[in-house]
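Colleague: Sharing a structure below in structure tokens format, with a few things to ask.
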Amino acid sequence: MAIRKKSTKSPPVLSHEFVLQNHADIVSCVAMVFLLGLMFEITAKASIIFVTLQYNVTLPATEEQATESVSLYYYGIKDLATVFFYMLVAIIIHAVIQEYMLDKINRRMHFSKTKHSKFNESGQLSAFYLFACVWGTFILISENYISDPTILWRAYPHNLMTFQMKFFYISQLAYWLHAFPELYFQKTKKEDIPRQLVYIGLYLFHIAGAYLLNLNHLGLVLLVLHYFVEFLFHISRLFYFSNEKYQKGFSLWAVLFVLGRLLTLILSVLTVGFGLARAENQKLDFSTGNFNVLAVRIAVLASICVTQAFMMWKFINFQLRRWREHSAFQAPAVKKKPTVTKGRSSKKGTENGVNGTLTSNVADSPRNKKEKSS
């Protein structure tokens, strides 16, 4: 009874456990401060920097387009404030998914601690990957990326973005930045933190690089491709936790993972190595956002190639570990067959002894006693 009373007792205010249990409510209050600031004229100018997208430019309508004017956006230092606000939103959404979806499933399935943490990770990431993949695909279709692939490098620099494009990148940066405090909120194990930091850092590095170097068209295509493959992996792992015999999803993911790496390299080399290399304007100009110079192109291709090689190395190690576990699981089943035959033969030998030696009962049987007396 004493243990139950301790568990129901609320922790002290602003203590370590209090922050962990109520971090979503605390973050919600901080986000509400920015939203309430929009209601007052004094604070509206400061709050609007956090809530809405900045640096918009209105372009007049052309003859080819509609009669209405078009609003486009470019990036700037104020985007950091917007990323911070939507990082708070990502923390709130993370807590809602955890409490109202994943925790309920965990109570029904009764997972172990190891499976519990992996299930939560795959549940959160599969929801994010699905949403981002659908959103990114919608942008690709609406802006004719699929019908005209040359848009990846044509008219570079792509310093002006549509509302959907810029909001997509702001949301991506906000989500992966929110993953850092989630390591603390979710009580991540110390041995898992380095792995988490590596892939969070890789996401932020490549997304921010595509955003700042005005390679947002190429970055969007590669993100949608990568997110689709990762969504398939995490949704397969969710099905695997519910039924350990489920392996079809992993087999399909393994094929698509390799194809995804090849497509990433092909699109990157085609866009950066050939498309931008043949462009007329190849001068470094920070005012217009033109980074189409040889050094930048080599750095971009090198970072992409190194990342793809690192992912393939992790993938090969993952597959080897799975094959070892599968072979180790089948090995005891093969070894059990000869033990059954030995057991049958040992039953026949129990009349004379155990393991080739006479027992005391056999040695002292009446027949042996008669032979001894004679």
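Glycine residues also receive a Cβ, built from the backbone N, Cα and C atoms like all the rest.
Not measured: the values here are computed from a predicted model.
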Colleague: If you compare the topological domain names in Swiss-Prot, are ILE151 and GLN330 on one side of the membrane?
Modeller: no
Colleague: Is the transmembrane segment (218-238) in contact with the transmembrane segment (77-97), using at least 3 Cβ pairs under 8 Å (sequence separation of 6 or more) as the test?
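Modeller: Contact between the transmembrane segment (218-238) and the transmembrane segment (77-97): absent, because fewer than 3 Cβ pairs are under 8 Å.
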Colleague: Reported in the order helix, strand, coil, what are the DSSP residue counts of the topological domain 'Cytoplasmic' (239-251)?
Modeller: 8 helix, 0 strand, 5 coil
Colleague: In the topological domain 'Cytoplasmic' (98-121), how many residues does DSSP put in helix, strand and coil?
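Modeller: Grouping H, G, I as helix and E, B as strand yields 21 helix, 0 strand, 3 coil.
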Colleague: Within 10 Å of the Cβ of ASN56 (N-linked glycosylation site), how many other Cβ atoms can be counted across all chains shown?
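Modeller: Its Cβ has 14 other Cβ atoms within 10 Å.
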Colleague: Against the transmembrane segment (218-238), which of these stretches has the most C-beta pairs under 8 Å: 122-142, 160-180, 252-272, 298-318?
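Modeller: It is 122-142, which has the most Cβ pairs under 8 Å.
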Colleague: Do any residues, 6 or more residues outside the transmembrane segment (160-180), come within under 8 Å Cβ-to-Cβ of it, and if so which ones?
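Modeller: Cβ under 8 Å, 6 or more out: 53, 57, 71-75, 79, 82-91, 94, 128, 132, 135-136, 138-139, 142-143, 196, 200, 203-204, 207-208, 210-211, 216, 219-220, 223.
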Colleague: Applying the under-8 angstroms CB criterion, which one of 122-142, 193-213, 298-318 scores highest with the transmembrane segment (252-272)?
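Modeller: By the under-8 Å Cβ criterion, the transmembrane segment (252-272) pairs most with 298-318.
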